[in-house]
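Scroll down for the structure; my scribbles are underneath it.
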Amino acid sequence: MQRRTALLLAALSVASSIEAPRSRTTALRAAAAPKTNSLPAVAAGGALDAGLAKRLEVGAVFALWYALNVYYNVLNKKVLKVVKLPWLVATAQLAVGGLYSLGVWAAGLRAGPADLGAAVKAALPIAAAHGAGQAATVVSLGAGAVSSTHVIKALEPLFSAAVNAGVNGEVLPLGVYASLLPVIGGVGGAVATDLSFNPLSFAAAMASNLCFAFRAVCSKNAMRAPGSVLAALGAPSLFSVVTLGALLLVAPVALALELPGLSDAVAGVASPGLAASLACSGLFHYLNNEVMYLALARVHPVTLAVGNTLKRVVVILAALVVFQEPMNLATAVGTAVAIAGVLLYSVLKQKLA
């Protein structure tokens, strides 16, 4: 596990610094290139190289995001099977992310905000959405199967489109919205035939969809706002600030709800690796979301939601293999229809929007 963690941290470092080496390479190539009169051809070649580099960069960030998310979901479910306290587990994971952020800033590996208190205060609306979404996700994963939670969370593009329209007034063509109908129908069919359906898991997953849609849209707006305290941070440090704010908001709720039952919940638990698994799940949760912020800085919020849905296919397959979770044919068909609907939505949005 330590070796895998080190490899993922190294990959994260590479993903975070992709743009700098690319800029140096581009400058050296421009300086060494022979001067010719065929300016249109040179410009076209440069645009082609830049476009390919951009696609490779986004692809690398998304692949790392997917890998981190699979690790997080597997470890998270293993912890929740032993300690059935989802709010405290979510709080512990936020605390690990907060400590990681403070350590990175203290070591000088990344520039932090000049005024941390002011930055956290400015990020409180985003932090509230992130904290509530994290707690709702952990509640859903603890109450039901991992695959069931992620099937329901395939509806996130619908929530993202609605929130983006409500907050930013960005209304897409009717045909784009109509393409979400297969997603709704596919998720509905999968849920209706799911042998492991749990009402609490369903409600919590739906709540997390709404919270994370607000988080994505509001974060994107914060990164775009000229002169904003948050815009000056950059995507990774913005997520650090959001994590610290979420911890401050979620911790009191978690302690009030679950602290009285903590001793009973851990009584008789003989798992020496439990603390390490919880810490690793928090680290993977943080890194997964930090890489998500790197992706958000490069793509539209709705495109991010689409990528998030495709990521769920990978997570669902991993859960089926690791936990042997049951999925009948009707549920599998519904899930496939939902994913196909998301892909259709993505294509139409690019063509029509």
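Numbers here mean position along the shown chain, with the first residue as 1.
Keep in mind that glycine also has a Cβ here, set from the backbone N, Cα and C atoms.
These figures come from a predicted structure and were not determined experimentally.
These features come from TrEMBL:
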- 57-346: domain 'Sugar phosphate transporter' (DOMAIN)
- 1-17: signal peptide (SIGNAL)
- 56-75: transmembrane segment (TRANSMEM)
- 87-107: transmembrane segment (TRANSMEM)
- 200-218: transmembrane segment (TRANSMEM)
- 230-253: transmembrane segment (TRANSMEM)
- 265-287: transmembrane segment (TRANSMEM)
- 299-323: transmembrane segment (TRANSMEM)
- 329-348: transmembrane segment (TRANSMEM)
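Spatially, the transmembrane segment (87-107) is not adjacent to the transmembrane segment (299-323); fewer than three Cβ-Cβ distances between them are under 8 Å for residues at least 6 apart in sequence. For the transmembrane segment (200-218), the list of distant contacts is 125-126, 129-130, 132-134, 136-137, 139-141, 143-145, 148-149, 152-153, 155-156, 158-160, 162-164, 167-168, 191, 242, 296, 301, 304-305: same-chain residues at least six beyond its ends, Cβ to Cβ under 8 Å. Among the stretches 230-253, 299-323, 329-348, the one making the largest number of Cβ pairs under 8 Å with the transmembrane segment (56-75) is 299-323. Per-residue confidence over the domain 'Sugar phosphate transporter' (57-346) averages out at a pLDDT of 86.
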